[in-house]
Amino acid sequence: MSDYKSSLNLPSTQFSMKANLANREGKFLKKWQNDRLYDQIRKQNQGKPKFVLHDGPIYANGDIHIGHAVNKVLKDIIVKSKSLSGFDAPYVPGWDCHGLPIELNVEKEYGKVGIKIDVNTFRYKCREYADHQVMRQSQDFQRLGILSDWDNPYLTKDFKYEADVVRALGQVVKNGHVYKGHKPLHWCTECGSALAEAEVEYKNKQSEAIDVKFRIIEDSVFNVKKPVSVVIWTTTPWTLPANEAVALHSELNYVLVDIGSEYLLLSQSLVVNSISRYDIKVTIGERMFSSSELEGLKVQHPFYDKQVPIILGDHVTIDSGTGAVHIAPAHGQEDFIAGLKYNLPIDCPVDAKGVFFKEILLLGGQFIFKANASVIRILKETNTLVKHESLTHSYPHCWRHKTPIIFRITSQWFISMQQNGLRDIVNSEIQKVQWIPHWSKKRIELMVDNRPDWCISRQRFWGVPITLFVHKKTGELHPNTQMLFVCIANRIEQEGIEAWFKSDTKDFIGDDVNDYDKITDILDVWFDSGMSHFVVLKVRKELSNVADLYLEGSDQHRGWFQSSLISSVAINKKAPYKNVLTHGFVVDKDGKKMSKSLGNIISPQKIVNNVGADILRLWIASTDYTGEMTVSDEILKRSADSYRRIRNTMRFMLANMNGFTQKNLVDTKAMLDLDRWIVAKTQKIQEAIIENYDTYQFHYIVKSINNFCSNDLGGFYLDIIKDRQYTTQKDSPARRSAQTALYHITQMMVRWLSPILSFTSEEIWQELAPNKKSIFLQEWYLQVDTIDNVVFDDGIIYGTMISSHISQEQREGLEKSDDIFTSINIVRIISPTIRQAIEKLRKDKVLGASLEAEVDIYCNLKVKEKLSKFGEELRFMFITSDVRLHSFEEKPNNAIEVDSDVLQQVAIVVVKSEHSKCVRCWHHRKDVGSNNKYLELCCRCVENVDGDGEVRKFA
């Protein structure tokens, strides 16, 4: 047997089948960084229409989690797709660097402020800590393939940012939106005043720990016949008169415990510990209730004639107690915030000396700590006390009197939602914004309608100061307040917030020093981050005053979306964004949120290290982010399978462009019909993909690409052209036509993929266009001539067999469509039936390869007419050695009818060829051996090996 391998055009490419993403991606990341790719993109796109996606600042604390990855990757996909569409789309990352979590972490290392570390050193350490966290998180984000201005992020701790926040506060004050109100603080009943954090020390104290029943009024959700009570645990019985709600943890599940006469509702994770403390026999129910199911239910106060709601709060302890706490907004920081969030009454029943006001039922005139015994007695009388025990624990004390202190509501600074019509203007601006998904508009409308005034002051150390001077007697602001804002902001821009805290009051107001108090409160960190429109969008020249898009998790309707909107309206009466897009939370396969306590966390770092960032990116893009986003090892495995399908498709096309350059491009009109068809199909898909990028529907894009790879390419076109690619002459018009099609398809597809599979797309681009710059410096591939009048609905065929259910528009489109393309669509409908028949014969060991088969097609006259157009090339379309056409009336009994809703009167019979196999093309043909010089070849191969080469027209 002769070896004809050298006469074949075998595929070859450097693009490997094995992705090895975890290792390979790092090389591309390094190249992007070394080439300063982000700067190249900015330079190239300068002057183009702008699209500004404004990054919500991530909190600079701890490792990034899967939710962070989802958020940043979605943003990256949008920015990259906008660049492809011809926009200048800068992406400036941001970090939120002030606030309590950073303070707590610094305290863990250095101790309490004012005790172990002075306040100025403490702030310096907070800056240092934030810097380190930003560096770590930035590296993790870059590893995900996110292109951004990582060298120039915006940080809320930057001196310029802090100064501009002070300037922004000045504008809000000037516009009449700020007033002084109330909030709970540490309170010493001996001093009769609030205490600063530095004036508080912790000592052991014996407290009365009690478990108390709150009977649930609306218990239909449980579908039980006995009463149900939620059990709270508290160490401050005296606060129960101020109760306004019961809080459950947002991430905990709850179960019913049958104690005989009634059910107790307890946290599933704490139920065993709780009932062991109660020392009672119970039956624990199997059904679990999520806290969100219970939110809003009403419960009966244990001894007052009032009902209060069940709410959610992340401050509920998850390692002790019952998983439920009672909420007294006047007596606790978290309780107060919960009260604001849920618009609860905030009434303080206790005077400055810690005595209940006389009008307080059952307890009037009693000192709070002595009233504990009275509260416990009342609970016993009302049969609502489940457990009482004494507990020794660390408790805050006054540093002067060494006595226990309490939380008591006191004055704070607020932004009024009513003054100067702020709420109305905010609502008006909401109507001008495009909210995605559409139902999120209603969500933020309700939140704005129901929200209380915004408490912007905090009694902490690490944050932007409220730079106000207040008259000691009248409470009025200094008459030169606006001028002082300018002066103080200029100082802070040079020295940071320390300029305010270190300075003497006299430095700013001179002789008025004795008449005014300097405010030492800091701003709520949401005010910090919410002012990024004023500090970043308005200031950085590559951005714009109003962002085209804000994109964050759905929780930010209550957070950054709202703080940005309110602060922007408070300054200039306009929303800071044109569009707002929200994504859901990431949950595990059981629909549970990721949390350490549940042990169900899947970290992005682990995914990247194991399977690569592109797999993570593909999962994110393929998931409908408008709801909860489910992730698991199995789901990631499916993403990896999808990735392999895409990679193998791209590899096949690259390998079959071996020896092809742009000089070999064939004009569209001169291409073979099948090649024109697939290019036109690709163009149509590209139109839909670009539209889906524009509307942020990425899961449709992934679905389209997967279907295209599996059905149009891998399941049809690529299989058909293998024969032409391998067996025709190297420079034959037929082969160059197919390579031209592959070139156009790959050029389009690599761009479709680049916002999602960023590393892989760069790898493809290096193979496809090694002398060109990065794929991220390209725009959509529109260079190929548009092929018009093409209908691709595989289920609609023009002719007598058209189903009656198709629309007139579809019918007219078919009549205008290219006739040969309709014939190709017919082939696509018939092909699966032929493949199934061949596969059955394979299993029965009648056939080996599909080229051992010959096919007889029995069809009506219209189908026969259309398939006849392919002539001898019809066999290539069905990847068999021969195809014969017959009238439908001639079909034998063993014929298999094509199962199609619209293509009628078509049946097939597959038989094994009786002819010899050509050793070069593997077709079984009658003419094998007819040439004395090439006895093992068919005439077609003889022509390709030792002649002018075969001529193809269709396939």
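Any Cβ shown, glycine's included, is placed from N, Cα and C.
Counting only residues at least six positions away in the same chain, the Cβ atoms of Gly56, Asn71, Gly559, Trp560, Phe561, Thr582, His583 sit under 8 Å from the Cβ of Glu552 (L-isoleucyl-5'-AMP binding site). Residues or ranges marked as L-isoleucyl-5'-AMP binding site by Swiss-Prot on the basis of sequence analysis: Glu552.
In this chain, none of the residues that are 6 or more apart from Lys596 (ATP binding site) has a CB less than 8 Å from its CB. Swiss-Prot lists Lys596 with the feature ATP binding site, giving sequence analysis as the kind of evidence.
Here Cys918 (Zn(2+) binding site) comes close to His924, Arg925, Val928, Glu936, Leu937, Cys938, Arg940, Cys941: these same-chain residues lie at least six apart in sequence, with C-beta atoms under 8 angstroms from its C-beta. Look at Swiss-Prot and you will find Cys918, Cys921, Cys938, Cys941 tagged as Zn(2+) binding site.
When Cβ-Cβ distances below 8 Å are used as the criterion, the motif ''HIGH' region' (58-68) is approached by residues 93-97, 99, 101-102, 105, 130, 133-134, 136-137, 140-141, 155, 553, 585-586, 594, 601-605, 631 of the same chain, each at least six residues removed from its ends. Annotated motif ''HIGH' region' per Swiss-Prot: 58-68, in sequence order.
Taken from Swiss-Prot, the feature motif ''KMSKS' region' applies to 593-597. For the motif ''KMSKS' region' (593-597), the mean pLDDT of the prediction comes to 77.
For the motif ''KMSKS' region' (593-597), DSSP puts the residue distribution at 0 helix, 1 strand, 4 coil. Look at the motif ''HIGH' region' (58-68): DSSP puts its residues at 3 helix, 2 strand, 6 coil.
Long-range Cβ proximity for Cys921 (Zn(2+) binding site), meaning a same-chain Cβ under 8 A and a gap of 6 or more residues, is found for Asp723, Tyr726, Thr727, Cys938, Arg940, Cys941.
Compute the center of the Cβ atoms of Cys918, Cys921, Cys938, Cys941, which mark the site for Zn(2+); besides them, the chain residues with Cβ within 8 Å of that center are Thr727, Val919, Arg920, Trp922, His923, Arg925, Val928, Leu937, Cys939, Arg940, Val942.
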